[in-house]
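Please read the structure below before turning to the comments.
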Amino acid sequence: MSSESSFGLMQIGLATAEDIRGWSYGEVKKPETINYRTLKPEKDGLFCEKIFGPSRDWECYCGKYKRVRFKGIICERCGVEVTRAKVRRERMGHIELAAPVTHIWYFKGVPSRLGYLLDLAPKDLEKVIYFAAYMITSVDTESRHAELPNLQVEHDLEKKQMVDNRDSDIATIARDLEDELARLEGEGAKAADKKKARDSADRQMANVRKRADADIERLEQVWDRFKNLKVADLEGDEGLYRELRDRYGLYFEGSMGAEAIKKRLETFDMQAEAESLRDTIQNGKGQRKTRALKRLKVVNAFLTTNNSPLGMVLDAVPVIPPELRPMVQLDGGRFATSDLNDLYRRVINRNNRLKRLLDLGAPEIIVNNEKRMLQEAVDSLFDNGRRGRPVTGPGNRPLKSLSDMLKGKQGRFRQNLLGKRVDYSGRSVIVVGPQLKLHQCGLPKQMALELFKPFVMKRLVDLNHAQNIKSAKRMVERYRPQVWDVLEEIITEHPVLLNRAPTLHRLGIQAFEPQLVEGKAIQLHPLVCGAFNADFDGDQMAVHLPLSPEAQAEARILMLSSNNILKPSDGRPVTLPSQDMIIGLYHLTTKRVGSAGEGRIFSSVSEAIMAYDARDLHLNSQVKIRLDDFVPYAGWEAPEGWEPGQPALVETSLGQVIFNQTLPEDYPWVEAVADKGELSRIVNDLAERYPKVVTAATLDNLKDAGFYWATRSGVTVAISDIEVPTSKPAILAGYENMAAKIQGQYDKGLIDDDERRQELIEIWNKATNEIAQAMRDSLSPMNTINRMVSSGARGNWMQVRQIAGIRGLVANPKGEIIPRPIKSSYREGLSVLEYFIATHGARKGLADTALRTANSGYLTRRLVDVSQDVIVREEDCGTERGLVTPIAVPDSNGELVLDENVENSAYARTLAVDVVDAQGNVLAAGGTDCGDVVIDQLLAAGITEVKVRSVLTCESKVGTCALCYGRSLATGKTVDIGEAVGIIAAQSIGEPGTQLTMRTFHTGGAVSAGGGDDITQGLPRIQELFEARTPKGVAPIAEAAGRITIEESERQMRLVITPDDGSEEIAYPVLRRSRLLIEDGEHVSVGQKLINGPVDPKQVLRIMGPRAAQKFLVDEVQGVYRSQGIGIHDKHVEVIVRQMLRRVTVIESGDSDLLPGELAERARFEDENRRVVSEGKAPASGRPELMGITKASLATESWLSAASFQETTRVLTQAAMEGKSDPLLGLKENVIIGKLIPAGTGLPRYTEVTVEPTEEAKASLFTGPSAFTDFSYDALGGDGAPEFHAIPLDDYDLGNDFR
């Protein structure tokens, strides 16, 4: 892999025995591993040096050749090649099997590929492979047909002979009986003796008859079996088979075990089978057609690739390199070994025993048993536990087979290929660094020295502080004083990456410029805590070092924290002042009536500050100050004759002036109180309208001012700040009476229990709200708790209510509301009973959180997997389509106001068409980016909706185009080509997943609409939608427009639609207790919901088409997030929904290469149809398919990505059989094979850039004489300066690629 793009495809296939022998460096013949005395590998064993290479660098086994100068020589004594020991990680061996075995993946996987190919049930296949039944592998039908009359004659003769023999035997017994009776008669024997003789003869006759009849029946059975014998017939009766073989062995062949399968595969005619299956599909129905379709897929896979089906039966087993299944010595002289060695050992032992038995010519039954054991040994090596009981090691632990090495979180894919450990990294606890700038972090000196060690050592040598690298290393390890100076010099301008786990979105890793600090803790800027979701209660963070100049440049330009002010999920700032900073700025900007210096007028800000220092002026007093660089705000009344740029006398407070000084000079004056909302608006505005540098500087100013004034505000919290409202007992008494009345009605039987509960809950909710209001009214504006909550610095009114007012209603462990409230507040203290019932909710909260975190992480993983190949690939796909999105709605007065969801729908999109007003004037041209400014202009012009480009309507073949995606929310500019928008979408949806509630919400036992049904909300609902599952209690939607009638019976209701177009009536049976949304006789339109309940997205797709299904899914997902107050932009959900609907199920294949029932990518389906139509043939027909994200991930074109996601063995089995090629378009597959990902700067369009010097540069290179003939050498030798100057080449890029 010399260059980044050395190959563009990765294909997987079935390995034949020749391939396996080709990879191998020798055959492993013995089960030994290493000699326990010498600890050297045994010859021909599992660790043999002759096969796998030397265990020491440049040294053969016997020691004849040592040192690198003998490189490449093969020792004539021990046969080991002199080379590096690391070849033991690459070289494979093989085991030559004495009998073929089948590959367990292909016969035991679901579905069984071998079974489909040979048209055998898995049960029958198992019988053959494990020597429980014989399989007929070939029948010579022609000679059988020719010989049948003669054979029939022979058979009849033999049968007649048998009948004659039976009859003569019986006649002989009868004669003997007569003689015996005559003899007894002569002797005058008793009647009893005669009876005895008769009985004995009867018994003999019966036995003869029975034996002969059985033989005749067996003869008939064998004959019938032979006449109808055909290939692939199974015979489980060994006796019958033997007789068949003895009598008619000339006309057929049969065997058992993998040999039978192998013979069968050798003679299998794929082409004929495919033809016959196509015929069945064309003319068949039901089960036969379905099975034929499934079989055709398998047969086609072998026909269209150069895979040989014989690869499913192995004659040789590969042995993986010994370093991948190591054996290490433990302290006590014992050895720990990989499970694979045990599994290989069993295979070799059984194989050797089988060879010996075959050489000895052992009886068939013994040989077969040994072959079966070999088959089982190879099975457990490949996939232990797939069939029968797994092979266990000590302590009954199942051994890890080759399949287990690939599967799961600890498998090869996820552990080593997708998640690698990183050198040049460290981790430590974080503490706050309020003195830092936004782009800085504090790095502990010792950690920095360790991270930058190689750089420091090189620099020490360059500066002649050390003679060589070795002494430089010694200096670093002894912390010499020069080392710190060099370190200081090296870390300037060298960014480091900080990461806090869990990294839920891209802001979890950001770049900072390190500042050396004492101590051992990393210092973090307070404003980036929000992005990392970090706090300073013991959180740890990891530091990584970008090494190459390219990596440093990317870290600085793309990842520096001051360039990551916006959140990728909604484009709003994430670096907002919080907590202390808010309280400081709030303290600065509030107005206080009647405080010192109120009403005074100051000629300048300095004068006002002087008065403040002299204690003549309060920070919050309303005064007038003359401001030199005043930028008026909307609604400021300018005095007559005032021009912008002139000084102005402004009525404000000193605090307000100080606050405004933190903002950019040309920023309009802010007169509002700086609470959380106002600060958010300011930062938002800065991010939208100012360069990043200005925004970052302003944020730092706000942070500094916030901390400074928070300290001076003296905000503290004491128990005396918590005031219980005096009116509380009176309020409670009033509601107690109401509750008693309800209880009385229940006792008299006027209402039932559910109604009682509902009424009580309503009463106590009202009481709680009233007490909360009384509490808020009683708090003074200067109360510190009031200021904290009002400013948005910390806490909310609900928490304050519980401390100072009333705890209120709580839920029991089932999630139902207990109808008696906790009447105390925490300030007053809870009674024992109150405390007890309050603990339920607390415990449930903790349990829920733990569950939520795991579920949310898994959801993110599935989302990333389904969308990881969505990358912006082109500028414009050229589509004319788009989505119509509302931007304004009329309010109660009929005036237009911004739609509440415009932030997450129309904002940051590209307009699809020109927006024109009623007069036809173009207000915004198509292709314009729809930012806050544009939206405000359109609103002012009275526009209510616009048509915008969307990912859902994008026509790019792979990925999406920049215009359909619109603005990148993280940067605020149009998205760059190469941006991995799929992963950003997955992170944006998954990151707030933890905040979503876990539980399916129970309406407190209330008999509300739908009879107290569970409403699936929160995370489970999101999963249900993205997995495209049919929800519980699904509501039908009208399939046709028409009139509806309601028919009721004892058990259920039927809703019957009589369509307008006169087609057949459609009936929907529903439960009697369903809440109807329509009335009898009402007219319904297509897609209208008929009863209350969730709708099945698959029905929406079937009835209303893909466009409606997409809109439905986006709206539903957004509904869940919005209900929790989480803002995510629609475009992220659209990216995922587009991936769910990108496949088509083929219904009729026409003349195309597609198979009926096949799931084809939409692009491939359309291309294939275009090709077929252009050739004048019939195209394929298909219907769009809605796939859940897990299923869509597994159905991806990339087998590497699918295998590393889930069901690894199934994916690899299928991919190998189909000989799949991975086009390496997504990110995952490139990470796995160690290539740069094809996103961002890894795209070919960025990596394959050549630099051409400009004309001026070329000219400046060749200043001086134009030709050598005119050249004067005096210029060099004389004392005059030369006429031209040389340019050092290494300072100049000539544009040639010398690499």
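Cβ from N, Cα, C; glycine included.
As annotated by Swiss-Prot, Zn(2+) 1 binding site applies to CYS60, CYS62, CYS75, CYS78, with the evidence given as sequence analysis. Here Swiss-Prot flags ASP535, ASP537, ASP539 as Mg(2+) binding site. Here Swiss-Prot flags CYS877, CYS954, CYS961, CYS964 as Zn(2+) 2 binding site, drawing on sequence analysis.
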Whole-number answer please: how many Å between the C-alpha atoms of CYS75 (Zn(2+) 1 binding site) and CYS954 (Zn(2+) 2 binding site)?
65
Measuring Cα to Cα, how many angstrom lie between CYS60 (Zn(2+) 1 binding site) and ASP539 (Mg(2+) binding site)?
52
Identify which of the binding-site residues ASP535, ASP537, ASP539 has its Cβ surrounded by the largest number of other Cβ atoms within 10 Å, counting every protein chain shown.
ASP539
Using the recorded Zn(2+) 1 site (CYS60, CYS62, CYS75, CYS78) as reference, state which further residues of the same chain have their Cβ within 8 Å of the centre of those residues' Cβ atoms, listed in sequence order.
TYR61, GLY63, LYS64, TYR65, ARG77, GLY79, VAL80
Compare the C-alpha of ASP535 (Mg(2+) binding site) with the C-alpha of each of the binding-site residues CYS62, CYS954, CYS964, and give the closest one.
CYS964
Packing count at CYS75 (Zn(2+) 1 binding site) (other Cβ atoms within 10 Å of its Cβ):
20
All-chain count of other Cβ atoms within 10 Å of CYS62 (Zn(2+) 1 binding site):
14
For CYS60 (Zn(2+) 1 binding site), which of the three DSSP-derived states applies: helix, strand, or coil?
coil
For the binding-site residues CYS60, CYS78, CYS877, CYS954, CYS961, work out the Cβ neighbour count at 10 Å and name the residue with the minimum.
CYS78
So of all those binding-site residues, CYS62, ASP537, ASP539, which one's Cα sits nearest to CYS964 (Zn(2+) 2 binding site)?
ASP539
Going by Cα-Cα distance, pick out whichever of the binding-site residues ASP537, ASP539, CYS877, CYS954, CYS961 is nearest to CYS78 (Zn(2+) 1 binding site).
ASP539
Round to the nearest Å and give the CA-to-CA distance linking CYS961 (Zn(2+) 2 binding site) with ASP539 (Mg(2+) binding site).
40
Candidates CYS62, ASP537, ASP539 (binding-site residues) - the one closest to CYS877 (Zn(2+) 2 binding site) by CA:
ASP539
Could you state the CA-to-CA distance between CYS62 (Zn(2+) 1 binding site) and ASP537 (Mg(2+) binding site) to the nearest Å?
60
Have a look around CYS964 (Zn(2+) 2 binding site) and count the other CB atoms within 10 A of its CB, chains all included.
29
Hey, how far is ASP537 (Mg(2+) binding site) from CYS954 (Zn(2+) 2 binding site), Cα to Cα, in Å?
46
Round to a whole number and give the Cα-to-Cα distance in Å for the pair ASP539 (Mg(2+) binding site) and CYS954 (Zn(2+) 2 binding site).
43
Hey, for the Mg(2+) site built from ASP535, ASP537, ASP539, who else sits with CB inside 8 A of the CB center?
ILE430, ALA534, PHE536, GLY538
